[in-house]
Amino acid sequence: MIGWEDVYKVVVAMVPLYVALILGYGSVRWWHIFTREQCEAINKFVCFFTLPLLTIEFTAHADPFKWNFAFIGADAISKFIIVVVLVIWAKCSSKGSYRWSITSFSLCTLTNSLVVGVPLMKAMYGQMAVDMVVQSSIIQALVWLTLLLFVLEFHRAGINFSSDISMKDSRVQSTVEPGKDLEGSTEVVASADGPSFWYLMRTVWLKLAKNPNSYACIVGITWAFIANRWHFEIPSILEGSILIMSKAGTGTAMFSMGIFMALQEKLIACGTSLTLFGMVLRFFAGPATIVIGSIAVGLHGDALRVAIIQAALPQSITSFIFAKEYGLHAEVLSTALDLSLSRSHGLTSAVSRPPSSHYLHGIMTFTVSQPPWYHDLRRLKTSIVSGPSR
């Protein structure tokens, strides 16, 4: 059971996030310090400098030889289920959309494990839970955020190529009369062919090679394997060079989100329906699939509870930064992040109150109650021991 001291530790970890958020919001909405172009530059600074160094910093200090591979397997199965469902929806449904599939994947799977998850799990289940949350963050950065980055780059490359073709077609049609060639004979003007798959892949790989987010986690986890295998330590000059920027990673990311919120006309920019849609994906779809994955690998006990709770943690800050950088439903992820952080306060306060006999299974609280016949037996035993009443 979480005590008030543990609740305070969680609040201490989360309040600075809101301070950075409010400062970012006020710098644009109230004090008019930054222009829109400067706001874009701040987001690029966060995306390409502070977040990659933050990723290197927390992955380099992990111990991959002590990981819970059953938990990693359950997490992989749950995310694979979500990917399959979203691909089927995008291809087979009349309302399917690849753009919304990317955003839905972020909402279902990417969590803010380090900032919120570590203090919350340590208060609830101890060091074992902290280790699981940290390794979940590393796998998320190594596999799923890299996959998200690849898909976003592929999406942007396709859009850029289509816009280039449209501009060329418009210039040709403005020069030549539609339906006539240069000699005046009638013909059908055909649009240019779409880009080949390999051309797009080449463009995407070149972009990823220039993006430090695509290999920051690989650098960090490689060092973690080497350091724990041969008991090396990071040279202090190198660690200091990383820390001087990585310490600002979370704060500048929240500051950037506050700036983005200030640039919107409404505080909840995506509207009520999309907000509810995002909350359902964040707090129900993700935990439901991790239950399936955990059953498949035989995860049970506290490890199962930790797996379910970490799947319902607040939205990943990095997913918002990527969405803002690539212009894909950033308002939805911004709202999801803000509301999910607020919800985590309620979860912490709820489990801190000392009920008679409660155990937190995932994100639900189940009361352990005895059947009616148990109380009948207790009354019968009491009457036998005390004797007939006079």
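Glycine is no exception: its Cβ is also placed from the backbone N, Cα and C atoms.
Database features, via TrEMBL:
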TRANSMEM  6-25  transmembrane segment
TRANSMEM  45-62  transmembrane segment
TRANSMEM  68-90  transmembrane segment
TRANSMEM  102-121  transmembrane segment
TRANSMEM  133-152  transmembrane segment
TRANSMEM  212-230  transmembrane segment
TRANSMEM  242-263  transmembrane segment
TRANSMEM  275-297  transmembrane segment
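Stretch with the largest number of CB pairs closer than 8 A to the transmembrane segment (275-297), among 68-90, 102-121, 212-230, 242-263: 68-90.
Outside the transmembrane segment (6-25), and at least 6 residues removed from its termini, the chain residues within Cβ reach (under 8 Å) are 115-116, 118-120, 122-124, 250-252, 254-259, 261-262, 338, 341, 344-345, 348-349, 352.
By number of Cβ pairs under 8 Å, the transmembrane segment (133-152) is matched best by 102-121 from the list 102-121, 212-230, 242-263. The largest share of C-beta pairs under 8 angstroms with the transmembrane segment (68-90) comes from 102-121, of the ranges 45-62, 102-121, 212-230, 242-263.
When each of 45-62, 102-121, 212-230 is scored by its Cβ pairs under 8 Å to the transmembrane segment (242-263), the top-ranked stretch turns out to be 45-62. Sequence-remote contacts of a segment are chain residues at least 6 beyond its ends whose Cβ falls under 8 Å from one of its Cβ atoms, and for the transmembrane segment (212-230) they are 47-49, 51-53, 55-65, 138, 141-142, 145-146, 149-150, 322.
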